[in-house]
Amino acid sequence: MILMYFFETYLDLRQHAVLKLPTLPKTLEGVISQEKFEKSRAYSLDKSHFHFVHEFVTIFMDSAILFFGILPWFWKKSGNFLPLVGLNTENEILHTLAFLAGVMIWSQITDLPFSLYSTFVIEARHGFNKQTIWLFFRDLIKGMCLAIVLGPPIVSAIIVIVQKGGPYLAIYLWAFMFVLSLVMMTLYPVLIAPLFNKFTPLPEGELRLKIEQLASSLNFPLKKLFVVDGSTRSSHSNAYMYGFYKNKRIVLYDTLIQQCKNDEEIVAVIAHELGHWKLNHTMYSFIAVQILTFLQFGGYTLVRNSTDLFRSFGFDVQPVLIGLIIFQHTVIPIQHLVSFALNLVSRSFEFQADAFAKKLGYGAALRSGLVKLQEENLSAMNTDPWYSAYHYSHPPLVERLAAIDEPDKKED
């Protein structure tokens, strides 16, 4: 953990140095205004300073938890709590839920100062935060309530599967998580997302007509087209799509519509997103996640009965949840390598989706739309190549514009 922290801090320092550069990349000179660049630079540096502090505190607390045996101590304390409320301490499911309740309270307490500072200081300072303190805590409480409602049955099912799974444990765990992911992907946009945001149909007009015509031309089974009130919380903008098989939906942030005055820019962004669908990127990503999930559960089954492993973390018992937590700690370097590989694939997908939109005739509109989004979101204009290669799932703007322009130059 500490070695990964030092490595990632080195990359952060490289990026921080690049953010201090007083000039735009040559590719963006004359494309991005100097005023927007200065604002973007100040915003990025503020976030970078905050990131250094947050990461240091995080690694300090995580290391202290491991070094001082906080996890086994808290596991025992959560077991001692159960008889006080008349529950059976021998029941692993109840013991695990009591443990998770304490962990959730602890994580909320330790994360709250950073969330408040990020939202009401940094985001507010640069004009992005739109939510009130009441809305912030209302969302926080809703999130905790959802965890309380959804968490126990999911955790209980995982414990039962591990206890009863036998030699096919990895397959059973993967199958359960596969079904759960499908259920959550179905229920989240319909039942959960509306608890936090308001979704309204995109009004009839030229923009809606253009998007519907684009979807129809690609045989995209568009069922609903929504606008979400992202502006109630932030002025950042985005667009996304979701849904299974013949029931696809597209969601536009109201801030995207406000920022892109030209309908063609919005349609170009949607063409990019539809490119991911047409090129099967979503399916490939889903399959990759399922394979990794299965391999992860397979690795867990190899170590879950290792008494020495549990003892090395201070446990004289072998609870299912603790086994999962310990396994996650032991494979941190592998997780970072996998994340890096997935980012490489994701960036390749982004270039392909840009090329798809360009092939449909939206090259110029996509170019101006990407520039507009970069400006309005005050995204970093200068990026260190090592940092972006390791962290970014999307290529930097300079690379995307170069890729969009390159075919034109060859044709010319």
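Cβ coordinates are placed from backbone N, Cα and C, and glycine is handled just like the others.
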Look up transmembrane segment in TrEMBL and report which of 92-110, 282-300 it refers to.
282-300
Kindly say whether the transmembrane segment (282-300) and the transmembrane segment (320-342) touch, using the definition of 3 or more Cβ pairs under 8 Å where each pair is 6 or more positions apart.
yes
Taking the mean position of the Cβ atoms of HIS272, HIS276, GLU350 as the Zn(2+) site, which residues outside that list, in the same chain, have a Cβ no more than 8 Å away, listed in sequence order?
GLU273, GLY275, HIS281, PHE349, GLN352, ALA353, ASP354, PHE356, ALA357
If you count other C-beta atoms within 10 angstroms, which of the recorded positions GLU273, GLU350, ASP354 is the most crowded?
ASP354
Other same-chain positions with a Cβ less than 8 Å from the transmembrane segment (56-75) and lying at least 6 residues past its termini are 1-2, 5, 95, 99, 102-103, 110, 114, 313-317, 319, 322, 325, 329
Distance [Cα-Cα, Å, rounded] between GLU350 (Zn(2+) binding site) and GLU273 (active site)
9
